[in-house]
Amino acid sequence: MGKIAVLGSVNMDIVITTGRMPKVGETIIGDQIDYFVGGKGANQAVAAARFGGKTTFLGKIGQDTFGEKVYQHLSEEQLDVRSVAQEKNIFTGIASIFKLPQDNCITVISGANELVDREYVDQVAHQIIESDVLLVQIEIPVETLQYALQLAKENGVTTLLNPAPYHDIVGELLPNVDILTPNETEFAALIGKELIPEAEMEETILAWQQTHTTRLIVTRGSQGVSFVESDKLVTVPSSKVPVVDTTGAGDTFNGILAAALSEGMSFKEAVILANRGAGLSVQKLGAQTGMPTRAAVIASEH
Ligand code: RIB
């Protein structure tokens, strides 16, 4: 079993299910409200742990009821949360999520996630160095990411960056990133475009990979997942499943990918399993609710 350290955010997701977004200045009546533990960091850690990776989550909560709830929830997963720090006088991160019939809209208020700093990385450095894979996203300060990725790289730990939400720092982080997993929008931003036409996506991925050593995997929603192997583009198609909620699908992909790679699985096999896991995760409401166990991912093969 491989060891994974996930450094990142944890949020309380407040999910409002509604038929449509209100217009500016308008009030509408929604259908349902749910509270789920989320945050890209915590979600990815849960996905890795459910897949069977020996996973440590590194992040911060605030001194409030949500902080206690998310800590309790994470403790009930097969996760090492002993280094999660509680900060005084600040609230736990919150994500306000509008779940619409066609997709979702998310606004994150960072709270304690903003206080995940270099000093914290120093305190948990041994957890990072002892891991096979360090997995990070961009819901904590970018200076912290820069510092943690460098520490991991210097110590021979495989580094995986999920560049979400996108930030212009990504290009600068690349020398310390082994694997980069943008979605199509984030990949377009990385190459300085607003959008890459679908017909140009494959050649754009190939061209980027030819000039970079960081291994690129572009997650493409219903199109599947694309990467380059032996100078050829490989696209692993998405499974055709009933979609209830896509929140956390990318997190499931990243968590399983990290766990699979940490145990020495081949790159292609790890991508295939991570993609299947993401397909299972979208079948329930909430980022973590539908995240599968390893057994469920393997069983979904047939
Ligand atoms: O990727 C989904 C996550 O993004 C949600 O759980 C929310 O907390 C935001 O961080």
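Backbone N, Cα and C atoms are what each Cβ position is placed from, and that goes for glycine too.
In TrEMBL, annotation is done automatically, which means it is predicted and not curated.
Quantities reported herein were computed from a predicted structural model and do not represent experimental measurements.
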Task: Candidate from Asn176, Asn183 that TrEMBL assigns to the same ATP site as Thr219, Arg220, Gly221, Ser222, Gln223, Gly224, Gly250, Asp251, Asn275 - done: Asn183
TODO: Could you look at Glu130, Glu139, Glu154 and say which one TrEMBL places alongside Asn11, Met12, Asp13, Gly39, Lys40, Gly41, Ala42, Asn43, Asp251 in the substrate site?
DONE: Glu139
Open item on the list: Please give me the binding-site residues out of Asn183, Ser222, Asp245, Ser281, Lys284, Gly286 that lie within 10 Å of Lys40 (substrate binding site), comparing Cα atoms only.
Closed with: none
Open item on the list: If I take the alpha carbons of Asn183 (ATP binding site) and Asp251 (active site, proton acceptor), what is the distance between them in whole Å?
Closed with: 11
- [ ] Can you tell me how spread out the substrate site is, meaning the largest CA to CA distance among Asn11, Met12, Asp13, Gly39, Lys40, Gly41, Ala42, Asn43, Glu139, Asp251, in Å?
- [x] 15
TODO: Taking the Cβ of Ser222 (ATP binding site) as the centre, count every other Cβ atom within 10 Å, in any protein chain shown.
DONE: 10
TODO: Using DSSP with the three-state reduction, classify Ser222 (ATP binding site) as helix, strand or coil.
DONE: helix
Task: Of Ala42, Asn183, Arg220, Ser222, Gly224, Asp245, binding-site residues neighbouring ligand 1, Cβ under 6 A - done: none
TODO: Return the member of Asn11, Glu139, Gly224 nearest to Ser281 (K(+) binding site) in space, with distance defined Cα to Cα and candidates limited to these binding-site residues.
DONE: Gly224
